[in-house]
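Okay, so here's the structure we're looking at.
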Amino acid sequence: MKGNPATGFNYLVRGFKLTLQPGLRLFVLIPLTINIVIFSILIGLTISEFYGWIEAVMNWVPDFLSFIRWVLWPMALVLILTVVMYSFSVIANLIASPFNGLLAEKVEELMTGKEVDGHETIGKALLAFPKSLSREISKIIYYLPLALAVLVISFVPVVNAVAPVLWFLLGTWMMAIQYCDYPMDNNRRSFSAMKHAIASKRLTSLGFGAGVMAGTMIPVVNFIIMPAAICGATVYWVEELKPLTPQS
């Protein structure tokens, strides 16, 4: 596999730094506000159920593996956190999708000094909501068969011990797809071209996605992770992915 996970993670770090740029603050503020509201509501709704979900997962552990429940419990915790936080991110990105594209556009213009033919203003971003929503639905359609396969594995005795790792890897990959898609969509790259590009730098993409996935699980950081990930993914696009994708 090509790429470097440390490079991918560093793109996210650079994304955090870009959120502090004066010229980007307004465009950071909108997805940031949406993310805070969505995460606050959903975390409040699910916190009372969290340990019940973990116990439900642990109940699938075969009796002959009960002696290592102390090892499997943290794995169940990772599984639940991955699924819940990824689900939160999907909802937040569905709502914020046109503003996410606008932020990616402004970051690219800041980096390249060239205008991107995209949303341009908040008003135009709102008008583009149906198109943005369609692209988000494409990501969900791509995700569901993969999630179903991992879900089936989660219910197979013995084999399900690796399910938390598979869920985390799937969440990591989907985070790379989720955020790298914004600058590519702005530049008229197809969904399939986007997948091919990030797959050609798989380790870099996984390093970036792992950083985003971990960030969604850290209190306070999970509020700012959406705009930071958009900024970081746009840097990744400008510096590595753009030459790999033909314009559709």
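Each residue, glycine too, has its Cβ placed from N, Cα and C.
Outside the transmembrane segment (26-47), and at least 6 residues removed from its termini, the chain residues within Cβ reach (under 8 Å) are 19, 84, 88, 91-92, 95-96, 99-100, 102-103, 106, 122, 222-227, 230-231. The transmembrane segment annotation in TrEMBL covers 26-47 (among others).
Taken from TrEMBL, the feature transmembrane segment applies to 67-96 (among others).
Positions annotated as transmembrane segment by TrEMBL: 140-159 (among others).
Residues or ranges marked as transmembrane segment by TrEMBL: 165-184 (among others). Residues 8, 75, 78-79, 82-83, 85-86, 89, 93, 100-101, 103-105, 107-108, 135, 139, 142-143, 146-147, 150, 153-154, 191, 193-195, 197-198, 205-206, 208-210, 212-213, 216, 229-230, 232-234, 236-238, 241, 245 of the same chain lie 6 or more positions beyond the ends of the transmembrane segment (165-184) yet place their CB under 8 Å from a CB of it.
The transmembrane segment annotation in TrEMBL covers 205-238 (among others). Note on the transmembrane segment (205-238): residues 3-9, 11-16, 18-19, 24, 28, 31-32, 34-36, 39, 81-82, 85-86, 88-89, 92-93, 96, 100, 103-104, 107-108, 111-112, 168-169, 171-180, 182-184, 187, 198-199 of its chain, located 6 or more positions outside it, place their CB under 8 angstroms from a CB of the stretch.
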